[in-house]
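The structure under discussion appears below in the form of structure tokens.
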Amino acid sequence: MLERMLPFLGRKRDKAAADLPVRVGHSAPRNSRMLEYDQNLVWVTLLLLAYGLVMVYSATISFHDSPRYAQWSPYHYFIRDLFSIAAALLASWIVVQIPMAELQKWSMRFFFLSLIGLVLVLLPHIGKDVNGSKRWVVFPGGLNFQPSELVKLTALIYAADFMVRKQEVKQSLLKTFLPMMAVMMIVGVLLLAEPDMGAFLVIASITLAILFLGGANGKLFSVFSVAVIGAFVLMIVLSPWRRDRIFAYLNPWSESNALGSAYQLSHALIAMGRGEWFGVGLGGSIEKLHYLPEAHTDFLLAIIGEELGLVGVGVVIFAFYWIVRRAFDIGRQALVLDRMYSALVAQGIGVWIGGQAFINIGVNLGLLPTKGLTLPLMSYGGSALLLNCMAIAVLLRVDFENRILMRGGHV
């Protein structure tokens, strides 16, 4: 059966597939070497996590020179990032044990429970205000959590379940598009109240992608997409500081913009320019010396470009390209096996990781206006690392179940 399906899957049978559980007679499946998960996907993910950890350390090593961070050691962010990665890997190990059927059954409840977090951040003494935005819930012990990162994952699994349930009426405006638009409006209102337009942009993109991949009516999908894009344009037009960002992006080198709205962009471009092909060397960045704000989060790629050059940036871009392509391959395999929910989830994860990486890379290279989105799996930030790794774990689970089914087993 596996050999007959290989032409449709567009990939060669790999060694890991050969080591999957094999059914002997009527006995239960046995494992030959326990290579049950996509080893390449695991290693590429670990590579990005390790790469990000090293660059976060490099970007923050001089922070303690500033009076604002004088009470912290040079290893403060490195230790916190290492702890976040360890917690994310532990959570991923738990998530990868959950069957996709169970995840689908609980997807709606997970989604609506996650919306409670978006409400909590708006409440006094619960939500933490940073630079005029309330995006974090504060827990005892100084731990912060960003609910919008959780909503990215729960919205994805909910949208996939929604499209599976609506397959018979997926062409209907009243039964498919309007309910999804209503849900998106609720999420949008809560996120824009923080405000967090970047997270809303990612969630809207994920939802639209799943509607499209799920076979929604083409004309209605186009109208829905135009409405969403129009809403974002309207928000920019009605917001003076968002308009300033657009104008600054168009002309970042004017004196007023370079010292104002385009300050981060201009310094990110300077960092990229200094790096040239091979960079100035690990640890040799000048822009991280309190010139480039958020060098360890939104603009980590600029520091990579400065210290490791175009080659270092190219490694990051290729790794994300590989993950996105692998996610779509896994989704296509699931679809061939008549597992539509798993297919939509896998490809939705590809859209999420790839889309957010594309926006972050575009901002760092000056190809897109400045937007507060981190680089998945690499930038400093415990909530984002946790949910990115959990998303990869779900992707591994989909692939694992695909392999079991292709070998004649049951999940």
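Positions of Cβ are set from backbone N, Cα and C atoms, glycine also.
Summarising the annotation, Swiss-Prot assigns topological domain 'Cytoplasmic' to 1-40 (among others) and lists sequence analysis as the type of evidence. Model confidence over the topological domain 'Cytoplasmic' (1-40) is summarised by a mean pLDDT of 46.
Tertiary proximity for the topological domain 'Periplasmic' (62-81) is limited to same-chain residues at least six positions away from its ends with a CB under 8 Å from its CB atoms, namely 52-53, 56, 288-290, 296, 380, 382, 385. Annotation comment: Swiss-Prot describes 62-81 (among others) as topological domain 'Periplasmic'.
For the topological domain 'Cytoplasmic' (103-109), the DSSP counts in helix, strand and coil order read 7 helix, 0 strand, 0 coil. As annotated by Swiss-Prot, topological domain 'Cytoplasmic' applies to 103-109 (among others), with the evidence given as sequence analysis.
The topological domain 'Periplasmic' annotation in Swiss-Prot covers 131-136 (among others), and the record cites sequence analysis as its basis. When DSSP labels each residue, the topological domain 'Periplasmic' (131-136) comes out as 0 helix, 4 strand, 2 coil, counted as helix, strand and coil in that order.
For 158-172 (among others), the entry in Swiss-Prot reads topological domain 'Cytoplasmic', with the evidence type sequence analysis. Residues 104, 107-108, 110-111, 179-180, 183, 206-207, 210-211, 214-217, 220, 340-341, 344-345, 348 of the same chain lie 6 or more positions beyond the ends of the topological domain 'Cytoplasmic' (158-172) yet place their CB under 8 Å from a CB of it.
Taken residue by residue, the topological domain 'Periplasmic' (241-298) breaks down under DSSP into 27 helix, 0 strand, 31 coil. Residues or ranges marked as topological domain 'Periplasmic' in Swiss-Prot (evidence: sequence analysis): 241-298 (among others).
Within the chain, the topological domain 'Cytoplasmic' (320-347) has long-range Cβ neighbours (under 8 A, six or more residues past its boundaries) at 5, 8-11, 38, 40-41, 44-45, 48, 100, 103-104, 156-157, 159-161, 163-164, 167, 209-210, 213-214, 353-354, 357-358, 361, 376, 392, 394-395, 398-399, 401-402, 405-406. Summarising the annotation, Swiss-Prot assigns topological domain 'Cytoplasmic' to 320-347 (among others).
Residues or ranges marked as topological domain 'Periplasmic' in Swiss-Prot (evidence: sequence analysis): 369-374 (among others). Tertiary proximity for the topological domain 'Periplasmic' (369-374) is limited to same-chain residues at least six positions away from its ends with a CB under 8 Å from its CB atoms, namely 196-199, 201-202, 245-246, 248-249, 261-262, 264-265, 297-298, 300, 356, 359-360, 363, 380-381, 384.
The feature topological domain 'Cytoplasmic' is assigned by Swiss-Prot to 396-411 (among others), with sequence analysis given as support.
Counting same-chain residues at least six beyond the ends of the transmembrane segment (41-61), those with a Cβ under 8 angstroms from any Cβ of the stretch are 74-78, 81-82, 85, 88, 282-283, 285, 288, 295-296, 300, 303-304, 307, 315-316, 319-320, 322-323, 326, 375-380, 385, 389, 392, 395-396, 399. Annotation comment: Swiss-Prot describes 41-61 (among others) as transmembrane segment, evidence class sequence analysis.
Residues of the same chain lying 6 or more positions beyond the ends of the transmembrane segment (82-102) and with a Cβ under 8 Å from any Cβ of it are 37, 49, 53, 339, 341-342, 345, 381-382, 385-386, 388-390, 392-394, 396-398, 400-401, 411. Residues or ranges marked as transmembrane segment in Swiss-Prot (evidence: sequence analysis): 82-102 (among others).
Taken from Swiss-Prot, the feature transmembrane segment applies to 110-130 (among others). With a threshold of 8 Å between CB atoms, the same-chain residues lying at least 6 positions outside the transmembrane segment (110-130) that come near it are 136-138, 144-145, 147-148, 150-151, 154-155, 157-158, 186-187, 190-191, 193-194.
Among residues of the same chain six or more beyond the transmembrane segment (137-157), those with a C-beta under 8 A of the stretch's C-beta atoms are 103-104, 107, 110-111, 113-115, 117-118, 120-121, 126-128, 187, 191, 194, 196, 199, 202-203, 206-207, 210, 345, 348-349, 352, 381-384, 386-387, 390-391, 394. What Swiss-Prot records for 137-157 (among others) is transmembrane segment, and it gives sequence analysis as the kind of evidence.
The transmembrane segment feature in Swiss-Prot is assigned to 173-193 (among others); the stated evidence is sequence analysis.
Among the features that Swiss-Prot reports, transmembrane segment is placed at 197-217 (among others), with the record citing sequence analysis.
Sequence annotations record features per position, and here Swiss-Prot assigns transmembrane segment to 220-240 (among others). Long-range neighbours of the transmembrane segment (220-240) within the same chain, counting only residues 6 or more positions beyond its ends whose Cβ lies under 8 Å from a Cβ of the stretch, are 171, 173, 176-177, 180-181, 184, 188, 192, 197, 201, 204, 208, 211-212, 246.
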*Who are the chain neighbours of the topological domain 'Periplasmic' (131-136) in space, where the CB to CB distance is under 8 Å and they lie at least 6 residues beyond its ends?*
121-122, 144-148, 194-196, 383
*Residues sitting near the transmembrane segment (299-319): Cβ under 8 Å, six or more positions beyond its termini, same chain?*
44, 47-48, 51-52, 55-56, 58-59, 264, 267-268, 271-272, 274-288, 292-293, 360-361, 363-365, 374-375, 378-380
